[in-house]
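Trainee: Below is one structure. I have some questions about it.
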Amino acid sequence: MRRPALLGLAGLVLLAVCLLAGGWRGAAASYLAAWLVLLALPVGALPVVIVAERFGKRVRERGGIEMLAGLRRLMALMPVAAVLSLPLLAATPLLYPWVSAPARTPLAALWFTVPFFAIRAIVYLAAWTWLALRFARPFDAPGEGRTVPAVGLHAVVGTLFVTDVVASLDPRLDSTLLGLLVMTAWSGLAFAAAILLAWEEPEPVGRGRTAPGRGRLVPLVVLLGLWAYLHFVQFLIVWSANLPPEVTWYFARGGWVGRALAVVAGAVVVLAGLATLRPGRPTTRILAGAAVAVHALEMFWLITPAVRDRFVLRPSDVLAAAAVACLAAALRPVLRPRADRVASDARRAGRPA
């Protein structure tokens, strides 16, 4: 327990330095963006594992057991992410403009209040934690009876969560696509992280074998392609309709850093698509690392301009990311779910996880 204690202490020190560097509101925005990166790992892995359970036999035949083990390791972070949301609930009056601004509609006057916001956030995180624990165990047979309701619950919770936590932070963008876009980005981030975590699958043998790495690269390309398409559609709607508030939302996320991120993200998507022509394990892992970096920066791109009115990376962002990483590493041994222990024990014993 000495190492978790040291990591926890380091995380608290980094948070204190983050407060000094960014001020209360700036540090809160940096922490929210960093926390969303952490949350993306279990929440993004969840729908992939649910779908994999629905097609369990096919997943096993295509050598996806190691990837599922990596995704389940990420899902085990859900209780950690839930605990680390507590500082954000305390910082709600600092972050969200609707706390002091007059409500636009009677429903908004009821919906956007600090106590009700905190209750909804706790309910969202509790629902995701329950789903993560429910699907943490390795499956024995396809379970349509629980996979379909789980996907529906995840979609509803994710859409409401993004509307409350992300969209309401900067109300200039009124987009019904944002929830789906963010959830797709989370799944892409989690899948790419699982590629980096998972053991290499055995070499393919037999007449119907596929190239090494292809089974992991193709789903990553699909997630990246869908994510890029949703970004394009949202931007096209704003540009074609010439909506002034939405245009200012994009202007705040432009600048050299925002444009550079867009160029790099586009390059990653194109290169990932081209890599399917000649897939390989090193190429897949390099592209997965690039996807993790792009999606992580995207969370800061979404959050921090709401406070700064432009997208720039500041020391408080780096400090908040390091603090969240240290605190998550410190809390994980304490909050590690029992199902995660069972899966790890099964893996050590040589059984499929």
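Note that Cβ sites are derived from N, Cα and C of the backbone, with glycine treated the same way.
Because TrEMBL annotations are produced automatically, they should be read as predictions rather than curated entries.
Take a look at what TrEMBL says about it:
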- 31-53: transmembrane segment (TRANSMEM)
- 74-96: transmembrane segment (TRANSMEM)
- 108-136: transmembrane segment (TRANSMEM)
- 148-169: transmembrane segment (TRANSMEM)
- 175-199: transmembrane segment (TRANSMEM)
- 220-241: transmembrane segment (TRANSMEM)
- 256-274: transmembrane segment (TRANSMEM)
- 286-306: transmembrane segment (TRANSMEM)
- 318-335: transmembrane segment (TRANSMEM)
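Can you walk me through where each of these features ends up in the structure?
Mentor: Long-range contacts of the transmembrane segment (74-96) within its own chain (CB-CB distance under 8 A, at least 6 residues past either end) are made by residues 15, 24-25, 28-29, 31-32, 35, 38-39, 41-46, 49, 112, 114, 117-118, 121-122, 125-126, 128-129, 132-133, 135-136, 168-169, 190, 193-194, 197, 307, 324, 327-328, 331-332, 335-337, 339-340.
Outside the transmembrane segment (148-169), and at least 6 residues removed from its termini, the chain residues within Cβ reach (under 8 Å) are 32, 36, 43, 46-47, 50-51, 54, 95-98, 112, 117, 120-121, 124, 127-128, 131, 134-135, 175, 178-180, 182-183, 302-303, 306.
Distant neighbours of the transmembrane segment (256-274): 217, 220-221, 224-225, 227-228, 287, 290-291, 294, 297-298, 301, 311-313; these residues of the same chain sit at least 6 beyond its ends, with a Cβ under 8 Å from one of its Cβ atoms.
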Trainee: Counting only residues 6+ away from its ends, which parts of the chain sit with a Cβ under 8 Å from the transmembrane segment (318-335)?
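Mentor: The answer is 1, 4-5, 7-8, 10-12, 14-15, 17-18, 21-22, 27, 30-31, 33-35, 37-38, 76-77, 79-81, 83-84, 296.
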Trainee: Any residues 6+ beyond the ends of the transmembrane segment (286-306) with a Cβ under 8 Å from its own?
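Mentor: Answer is 29-30, 32-34, 36-37, 40, 166, 169-170, 182, 185-186, 188-189, 191-193, 195-196, 216-217, 220, 224, 252-253, 258, 261, 264-265, 268, 271-272, 275, 312-314, 317, 321.
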